[in-house]
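Engineer: Mind having a look at this structure? Questions to follow.
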């Protein structure tokens with residue numbers, strides 16, 4: 001496989017004039033105070049080589065990118081039975097919409113919108129205290145990234161808890177339909193903590209490498225999931241990973257990806273590489289504006305689109 | 001590339017006990033009277049070899065699969081400007097929903113739901129009479145399939161026209177927002193005729209081959225669209241090609257595809273092959289039930305999923 | 001009963017500085033070209049006395065106020081069976097919304113939104129040609145007003161027809177659910193003509209007098225409907241007569257009323273009087289802004305609110 | 001005024017065969033265990049005479065009827081400014097729908113659906129602890145009924161709290177839009193306690209008498225609200241008091257009314273009387289089935305409809 005460092009460097013240079021574009025999430029102070037001109041990028045190929053640019057080793061709040069990891073965990077614990085509690089269709093609405101829940105019996109459309117990820121947190125709680133469930137999630141992410149330093153930012157978790165009225169609404173609504181089976185406070189305790197995990201681009205790209213490499217981590221040699229499950233998680237990321245901008249991301253970038261309001265995106269080029277980008281300014285759908293551009297440039301230069309050369 | 005005939009034969013044999021499952025579309029007599037146990041499959045690989053099973057050379061009504069061809073035509077005439085009139089996001093609702101139009105200013109979510117395809121028909125009408133526009137569509141499909149015998153079934157077109165109240169509603173609604181610019185009767189004249197094109201699985205698979213082969217037809221040597229455009233049409237098929245079952249199709253099959261209520265599905269394995277299946281019984285989302293199973297088996301046996309080996 | 005002429009005069013004087021407020025409907029030229037400062041008011045009490053102010057004898061397009069008369073006609077022809085085709089609940093949305101129809105099987109919420117009135121037109125068509133049905137409606141209004149000069153403005157009817165895409169959408173949508181049983185063009189032909197009836201405030205107030213007088217016209221002595229039916233039509237006017245501003249009108253005025261986008265409002269004070277006002281400028285819900293104020297002042301000065309002295 | 005005892009007796013006799021019809025609310029044990037054949041009725045006329053039938057002196061849970069009293073309280077504290085936080089239009093949807101809130105910026109449609117009443121509870125909390133606010137509500141209801149024995153059923157309040165996930169969802173949702181300004185737990189603490197007030201038909205009819213008597217209580221001589229405010233509260237009850245069955249109630253009964261899922265209805269005949277009925281079985285809109293019939297019979301026999309004799 002080719003040396004991608006020149007490609008990564010070129011993208012960083014090309015995007016420098018655009019750093020700061022978009023709107024930084026401001027619903028909690030910890031996100032609002034991030035320097036909007038930050039930019040990091042890390043590509044880890046399936047041979048384990050790492051290519052980096054910018055602030056690729058500065059931790060940021062991964063937020064909704066954590067939904068990929070908790071979905072993987074829940075599939076490991078409950079298998080395909082999780083689809084009784086959450087769907088796998090694009091939502092056609094924003095990340096925190098409650099309308100769909102009322103129209104469809106409280107069952108969230110997919111595990112990558114807030115409601116769906118909260119339902120997944122409930123599944124991970126089965127047989128655990130919230131503390132144990134949070135511990136399990138963190139250990140799983142460390143295992144994926146092969147990095148014991150990854151941790152939750154407690155101030156972020158507290159702020160999410162203090163301001164997350166909309167998520168409390170979603171959770172109580174699902175509870176009223178029996179989609180959640182644990183106390184709302186417990187489920188959201190897990191959810192808010194998973195969103196508060198802080199990672200660098202390099203750590204994040206390593207964590208997603210199993211999805212590019214047919215379910216196993218070629219660096220550590222660990223088998224994480226079966227080939228089929230890796231494909232299926234990638235399919236969900238492609239159709240649902242960018243909220244109501246998923247179609248646009250597929251059209252422009254052509255790779256499975258999952259964004260977070262912290263400005264990060266994890267993208268997967270099956271058989272090729274795992275990629276993480278970070279740029280705090282968001283577009284109108286809540287996805288990193290410059291980060292999406294970086295991935296579009298990378299896909300164009302490498303021909304990694306899953307939709308053809 | 002390997003000989004796929006044994007794979008195609010095996011799938012046909014395995015599915016024989018399930019032929020007839022699902023519900024045949026009955027809103028027009030021409031569809032209702034089709035034998036529900038019909039099954040056809042044709043795979044055309046990028047080297048031009050054809051592998052067939054069942055009723056692969058019997059024509060059926062391609063219905064909404066035509067939306068792939070008219071989208072390609074409209075992109076050729078108007079380029080990316082078409083996205084001012086139609087979006088490219090999954091709809092999160094059924095194929096003929098009008099709710100989204102009211103909430104989003106009359107702009108359809110994507111070119112593969114009815115409203116979106118009607119908007120595309122309006123774009124193809126620019127500068128043409130309905131008759132000319134219909135002629136252009138038929139010539140384009142014949143060119144793609146390299147087969148001058150492909151034709152519209154006039155009885156189907158007439159029936160669509162006589163019963164298509166919901167499509168008249170969608171078209172008038174968009175006209176009230178200025179999304180359509182030609183008389184509603186003209187636009188729907190074009191739309192109903194494109195839906196009434198009859199093709200065999202073999203013809204259909206050939207017609208879609210340019211999407212598997214980076215925009216050109218390796219059999220005829222014709223360049224149809226650029227590489228980038230082929231990728232982008234594939235992306236739209238994957239995120240939006242199966243209405244509110246698109247996420248499920250991506251999860252299970254992992255290939256771009258477009259279904260029609262006649263029971264046909266066109267699927268694309270980029271760099272590998274174009275595939276057409278036909279089985280009239282539909283699932284709850286209006287997609288061919290047995291046809292989807294056939295494609296899932298094919299993807300499993302060949303490893304063609306775009307989401308990894 | 002007291003002489004109301006001083007009250008009517010006072011209201012006219014008080015509102016003169018506000019004439020021209022609101023936004024004149026401009027979707028057809030015939031409405032757009034009306035002088036926005038027009039104002040008419042006519043009160044006909046149950047003893048037959050008439051009190052007038054302003055342009056009370058200038059004809060204007062009654063538009064949706066006609067829905068009261070066609071509902072009365074349809075109840076006369078079909079009785080309570082009409083409620084199988086149209087509901088009687090407030091809609092909670094704008095006058096031409098289609099969302100509710102999709103969620104509720106094509107059955108309009110009430111006979112005073114566009115969709116509901118179109119369904120009522122379909123009921124009046126039963127056994128008639130469109131021309132006959134239109135003739136029947138005009139004759140009924142002339143009978144109510146005891147005035148043979150009332151007529152349809154043909155230019156308005158033609159303009160409605162030429163621009164009524166949204167109504168064509170509503171009608172086709174209902175047709176697809178079987179709520180309409182006649183050809184859409186016939187039903188809308190009736191509907192557009194009834195909306196194009198031109199009347200003066202005096203004529204309009206006389207036409208509504210039967211609703212104030214327990215179902216009979218105290219001037220002509222004709223019995224129009226039973227006491228119970230008069231009450232029920234009044235109830236529908238109060239809960240549904242001002243689209244998504246019905247609650248506000250009940251709160252501020254406290255009388256059953258029906259508005260039209262031509263700027264007219266017909267209001268009923270049961271046991272007291274029938275009132276018509278006309279002022280072309282509309283508020284954000286599509287109801288006459290100054291006309292609503294005039295009725296609020298009248299209700300305050302007379303103590304006619306149905307909700308207490 | 002005439003003696004209504006024979007009318008009330010006749011209604012009770014006529015409805016005896018239908019007692020038990022409808023579906024008793026079962027979301028909390030205290031409601032589920034009520035005898036479905038209970039029936040009470042009390043009419044208090046504006047001269048203070050009381051006419052009773054059945055279980056008119058057995059307390060039941062007034063549930064949402066309390067919304068009339070808290071609205072009156074909030075109007076007293078904040079005046080017309082409350083309409084910045086809650087609308088006054090019929091909702092066109094069920095009592096606990098959250099869809100409308102998402103589409104309209106978190107502002108509930110009216111004070112008689114759950115969301116609206118919760119917003120009113122927030123307004124009553126201003127400057128108070130929850131305990132104080134609850135105390136104020138109870139004292140106000142006792143003052144209205146002139147009866148110091150009226151109290152909250154603590155078991156009902158606890159059950160509401162333990163199972164009210166949907167109300168927690170509504171409250172958190174509004175909190176996310178800034179419609180609520182106090183902690184969700186405090187607001188719902190007030191709301192659940194007001195719903196748990198237990199009253200007899202006689203007490204309830206006395207409490208509503210001020211609405212029939214132009215704002216003052218003719219028995220105690222207390223002035224409760226102005227004439228205008230009494231009319232306005234009646235208008236809101238008529239357009240919004242029976243959730244998505246308000247239009248039907250206005251059509252059949254023709255009186256302002258407010259229902260509760262405990263099976264009670266408070267109705268007002270302006271200038272005539274205040275009426276309370278109780279029958280636990282509910283119709284499909286959540287309103288007392290037999291109670292509605294009783295009021296329809298009463299309105300027919302007395303000619304009290306606000307819409308004409």
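Numbers run from 1 along the shown chain.
Heads up, the Cβ atoms here are built off N, Cα and C, so glycines get one too.
What TrEMBL records for this protein is below:
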type: BINDING; residues: B:64, B:114, B:160, B:167, B:191, B:243, B:261; note: substrate binding site
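Walk me through the surroundings of each of these features.
Structural biologist: Neighbours of residue B:167 (substrate binding site), defined as other CB atoms within 10 A of its CB across all chains, total 24.
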Engineer: Around residue B:114 (substrate binding site), which residues of its chain at least 6 apart sit with Cβ under 8 Å of its Cβ?
Structural biologist: B:64, B:95, B:96, B:166, B:167, B:170
Engineer: With every protein chain in view, how many other Cβ atoms are within 10 Å of the Cβ of residue B:243 (substrate binding site)?
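Structural biologist: The answer is 26.
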Engineer: Quick check on the binding-site residues B:64, B:160, B:191, B:261: which one has the highest count of other Cβ atoms within 10 Å of its Cβ?
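Structural biologist: Max Cβ neighbours within 10 Å, all protein chains included: B:191.
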Engineer: Let me make sure I understand the span of the substrate site: among B:64, B:114, B:160, B:167, B:191, B:243, B:261, what is the greatest distance between any two Cα atoms, in Å?
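Structural biologist: Across B:64, B:114, B:160, B:167, B:191, B:243, B:261, the two farthest Cα atoms sit 20 Å apart.
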